[in-house]
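This report concerns only the one structure given below.
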């Protein structure tokens with residue numbers, strides 16, 4: 001048997017502790033599968049004396065993760081500290097520069113510095129693996145990097161944030177408000193005290209940046225993504241979606257268009273019969289549309305200590321076996337820069353909900369303004385969902401429009417004109433429809 | 001750049017032709033991803049002059065696939081002829097013995113001779129890849145072999161045959177008979193003129209044998225699988241399932257039990273809210289239950305020229321990149337023989353449909369016989385599904401029972417006793433329930 005693969009783990013939160021426990025428990029099975037043992041020989045964390053439920057006695061302790069990264073007693077540096085800045089960044093750079101393979105679950109670091117880190121890994125001839133950074137235990141990185149190597153990918157999209165999907169699922173199934181569901185998510189530990197990063201779509205954007213790079217050979221660039229969160233979604237939208245045969249999901253979408261790669265994160269109407277629409281609660285899912293074949297959807301736990309540790313361990317096992325693919329599926333010299341697609345040019349169907357003044361001529365005015373922008377309507381509903389009697393708030397009635405494919409520019413112009421006509425109150429709700 | 005990877009393809013049906021077309025179309029993208037070119041340099045098929053829509057002029061022609069397998073102008077032998085016997089078997093053996101990596105989509109060959117072929121591959125130090133053999137483009141082989149390398153897997157189950165799922169979907173959604181749906185499937189090319197191999201579960205069993213070996217480290221052995229097909233499923237079963245919150249799917253299930261690895265293929269009741277229940281039509285899906293984490297489900301096209309060719313090409317790309325894992329995830333010396341689990345010992349819930357004599361005391365007799373075997377009932381329904389008035393056929397009324405977990409032996413004994421009591425007509429329908 002080949003020599004033991006010596007692992008150093010920086011960061012001993014729930015994932016780090018789960019990883020050490022799993023490696024201990026699966027010792028023999030891993031050795032059988034990889035043809036060599038995997039052993040955690042050194043660790044680093046902020047506090048040495050915290051009880052993490054795992055035995056660290058045989059492991060060398062480093063109070064400085066960067067020092068661990070440079071320690072020549074390890075072959076693989078596992079970074080589980082998180083954050084796009086230091087110490088994670090310097091530690092990973094130092095590990096790669098000193099010829100160690102790196103395994104990380106750090107989406108923020110990769111979304112910001114992934115391209116440069118991939119260059120470092122390439123130069124050193126080592127692996128930079130990050131299966132856990134997107135969809136935790138769902139093998140989406142491996143699938144895009146290796147599994148569909150011969151396919152031209154047209155689109156990749158997914159539910160990449162469990163917090164948002166939990167909130168939208170509760171809102172849909174129980175008719176609750178966004179605020180109530182968010183409070184529950186916070187109580188259950190699914191959302192942070194400051195939920196901005198999750199609910200406003202930034203977490204999804206970081207993950208999407210990685211998927212887009214793997215799918216399309218772009219330089220990972222989270223700045224190139226249009227981002228919109230779920231905080232404006234109302235129970236009325238979920239009820240209307242249900243009635244029209246849709247569900248609302250926060251999707252990250254990267255798609256090849258005639259104008260380049262479009263990357264966007266926003267609440268999205270998806271048809272109820274699609275695989276992605278079935279994904280409920282904190283579960284994550286990614287759908288891959290490759291040229292000439294029906295979509296492939298991968299569904300599973302997108303977070304949690306054990307699920308994340310499972311993906312980290314698969315990455316370590318690949319290093320143990322000597323399986324090494326370029327971090328973003330292609331040599332870094334082949335990766336190309338991507339522009340931020342201006343959303344005005346986005347083309348697709350739209351869901352629009354307006355609070356219209358309840359007086360004659362309002363519907364005609366709205367329809368005329370849409371027609372002026374050459375927007376065709378698939379449906380227009382002017383009654384309250386679920387057949388209730390319209391509740392007139394300040395003399396207004398909800399109007400739900402579904403458009404056929406049009407441009408975002410046209411929709412924005414039409415709604416601005418409707419606003420000037422003073423036939424609606426409040427801000428129009430606009431949700432993009434994603435075809436499946 | 002490293003030298004071109006030279007590929008020989010034996011078998012030029014829809015998959016072979018799609019593969020050659022895809023390699024031609026994706027030439028540059030593949031070279032960028034793999035760091036080397038992939039070129040089909042030699043082919044073999046039965047008829048040389050058939051028009052396959054691809055240009056074979058630059059390729060060396062072999063009328064004997066075994067000769068192609070031994071040809072020293074190729075690095076990889078791609079076997080797309082099918083069948084567990086010759087020429088596929090001898091050709092693959094010859095290619096491996098002569099130091100060539102082999103890529104095949106041939107589930108029959110691997111289910112029967114996979115262990116011996118893996119030994120040959122191991123001895124020669126070459127790859128034996130077969131992603132296309134199960135679920136076509138769904139990356140399930142790679143996921144089990146590499147992606148969950150550090151996980152202990154408790155169960156793997158899936159919809160592995162599109163023909164059966166198409167038939168069950170049509171029966172469920174349109175209330176049609178098995179015979180009508182089979183005829184439609186044959187007309188649409190989803191089923192063979194002799195459908196036995198698909199509808200009686202043998203195709204599913206071959207695929208399950210491969211998944212079980214990867215998941216549990218068993219020597220692949222299709223003979224160790226209990227197999228039951230879908231031909232006895234009646235519209236009444238699908239209607240009852242619907243009413244009780246289930247769907248009926250033909251599943252292949254491999255599960256770790258206290259008595260060893262149980263492998264079985266049979267119609268199965270799955271809860272409507274499970275990921276696997278959402279899979280409709282010819283689509284395939286596999287769910288993996290690993291220790292301590294929520295299930296992972298992979299969904300996608302399970303057949304078709306382009307989808308199969310896509311998986312074959314990924315396997316070739318792995319060879320081009322030098323990624324090589326043991327064919328069944330572990331060195332062959334670590335794989336262990338598996339016993340056929342006797343189904344009498346199977347434990348789980350059961351759906352039972354009886355045609356009961358429409359006279360006083362019948363229900364009491366049935367309930368008593370079940371109680372004698374210590375079977376607890378979750379529900380008993382004695383009215384016709386969908387609330388219709390019971391149609392008394394020869395004075396009988398359908399009785400639907402759902403049991404809590406019990407043993408198959410107990411169910412069989414109870415039903416035998418009910419039969420002797422002469423309170424039912426016809427054969428009882430028994431369908432196992434799979435928990436999710």
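Placed from the backbone N, Cα and C atoms, the Cβ positions cover glycine too.
The NADP(+) binding site annotation in TrEMBL covers A:10, A:11, A:12, A:13, A:14, A:15, A:16, A:17. Sequence annotations record features per position, and here TrEMBL assigns NADPH binding site to A:107. Residues annotated as L-homoserine binding site in TrEMBL: A:192. Residues or ranges marked as active site, proton donor by TrEMBL: A:207. The domain 'ACT' feature in TrEMBL is assigned to A:351-429.
The domain 'ACT' (A:351-429): residue composition by secondary structure is 27 helix, 29 strand, 23 coil, according to DSSP.
The highest number of surrounding Cβ atoms within 10 Å, among the binding-site residues A:15, A:17, is found at A:15. Within 10 Å of the C-beta atom of residue A:11 (NADP(+) binding site) sit 25 other C-beta atoms, taking all shown protein chains into account. You'll find the Cα of residue A:207 (active site, proton donor) roughly 20 Å from the Cα of residue A:14 (NADP(+) binding site). Residue A:10 (NADP(+) binding site) falls within a strand segment according to DSSP.
The two recorded residues, residue A:16 (NADP(+) binding site) and the residue listed as 'L-homoserine binding site', have Cα atoms 20 Å apart. Within the model, the domain 'ACT' (A:351-429) shows a mean pLDDT value of 86, rounded to a whole number. Excluding A:10, A:11, A:12, A:13, A:14, A:15, A:16, A:17, which define the NADP(+) site, the same chain contributes A:9, A:18, A:19, A:45, A:52, A:80 within 8 Å (Cβ to the Cβ centroid), listed in sequence order. The two recorded residues residue A:11 (NADP(+) binding site) and residue A:107 (NADPH binding site) have their Cα atoms spaced 15 Å from each other. Long-range neighbours of residue A:10 (NADP(+) binding site) (same chain, six or more residues apart, CB within less than 8 Å of its CB): A:43, A:44, A:45, A:62, A:65, A:68, A:69, A:77, A:78, A:79, A:80, A:81, A:87, A:88, A:91. All protein chains considered, the CB of the residue listed as 'active site, proton donor' has 27 other CB atoms within 10 Å. Rounded to the nearest whole angstrom, the C-alpha distance between residue A:15 (NADP(+) binding site) and the residue listed as 'NADPH binding site' is 14.
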